[in-house]
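To start, the structure itself, in structure tokens.
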Amino acid sequence: MLLPIDALLKQAIEQLAEAGSESPHIDAAVLLCHAIDKPRSYLLTWPEKTLEPAQYTAFDALMARRLTGEPVAYIIGEREFWSLPLKVAPHTLIPRPDTERLVELALDKIPANACDVLDLGTGTGAIALALASERRDIMVSGIDLRPEAAALAEANRANLHIPNARFLSGSWYSPLADDEQFAVIVSNPPYIDEHDPHLAQGDVRFEPKSALVAKDNGLADIRVISEQGRKHLSAGGWLLMEHGFEQGEAVREILHSLGYAEVATAQDYAGLDRVTMGCWQG
Ligand code: GLN
């Protein structure tokens, strides 16, 4: 029997909840809209409508993937960040709402004049494109180790018609010339310890380990970015990094020991330590 939209959604929500999804209502609605290529309002407007047979097949295929735990963002290939619809792929981290806090704090530190800004480990280009879209007078460079990620970020840039960003591939600062300097450097680097049990739960199981896990209790990449950042920050420039909620003190310690000033930690929307920053006085 071909179920109408409301009954189909109800059934899907039950299946997703049983499979352990933490957001069964949103998951079901997003996947159904993707299968029938309609906005969310359609589901509320036409609850009694039945679908074309091919649309049921398409929805079943999307549901089957979600029921194995695959993140919705990878299934539909898209996630919104800072109101920008971004393409995502399994070789990039899925942008998180908490990372919008890093964008807010960075916007606060970008000087009023036109300047250069760098985003390390850019992935989908989420942070770089959010900053470039807010400040059309600055130039944002995004770097990712993986060429596929840099290419995806570039495709997102072109798709969103954001002219003032560019993407490069290489390890941290390596694609840059030695004397290239920036007013602000931001990064959401890998910072999870390899033994953290949370790596075996939810969406992170499907995300690239290279974007999540760092040696030295998750601090190894933060240390490299901070150390080498001193060469690539202009005098008075700011470094801002996202980190785990228990890493604030350790990251402040790293920045202090490297000679950064005005070192401070800011909290995410849940009130947890999430971003630490420091000023390089040159
Ligand atoms: N905040 C992400 C998580 O805990 C991890 C992001 C990262 O490692 N940069 O799921």
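Each residue, glycine too, has its Cβ placed from N, Cα and C.
When secondary structure is read from DSSP and collapsed to three states, Trp172 (S-adenosyl-L-methionine binding site) falls in the coil class. Marked as S-adenosyl-L-methionine binding site by TrEMBL: Gly121, Thr122, Gly123, Thr124, Gly125, Asp144, Trp172, Asn188.
Neighbour list (Tyr191 (substrate binding site), Cβ cut-off 8 Å, at least 6 residues apart, same chain): Ala214, Gly218, Leu219, Asp221, Ile222, Glu242, His243, Gly244, Gln247. Classification of Tyr191 (substrate binding site) by DSSP places it in coil, neither helical nor stranded. According to TrEMBL, the feature substrate binding site maps to Asn188, Pro189, Pro190, Tyr191.
TrEMBL lists 8-77 with the feature domain 'Release factor glutamine methyltransferase N-terminal'.
Feature annotation from TrEMBL assigns domain 'Methyltransferase small' to 107-196. When the domain 'Methyltransferase small' (107-196) is classified with DSSP, helix, strand and coil residues number 25 helix, 23 strand, 42 coil.
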Residues within 8 Å of the Asn188, Pro189, Pro190, Tyr191 Cβ centre (excluding the substrate site residues themselves): Gly121, Ser187, Ile192, Ala211, Leu212, Ala214, Gly218, Asp221, Ile222, Met241, Glu242, His243
Based on a Cβ-to-ligand 1 distance below 6 Å, what subset of the binding-site residues Gly123, Thr124, Asp144, Asn188, Pro190, Tyr191 would you report? Asn188, Pro190, Tyr191
Go through the binding-site residues Gly121, Thr122, Thr124, Gly125 and tell me which ones have a CA within 10 A of the CA of Pro189 (substrate binding site). Gly121, Thr122
Could you tell me which of these binding-site residues, Gly121, Pro189, has the greatest number of Cβ atoms within 10 Å of its own Cβ? Gly121
Sorted by position, what residues of the same chain at least six away from Asn188 (S-adenosyl-L-methionine binding site) have a C-beta under 8 A from it? Leu93, Thr99, Leu102, Gly121, Gly123, Ile127, Met241, Glu242
Roughly how many Å separate the Cα of Thr124 (S-adenosyl-L-methionine binding site) from that of Pro190 (substrate binding site), to the nearest whole number? 14
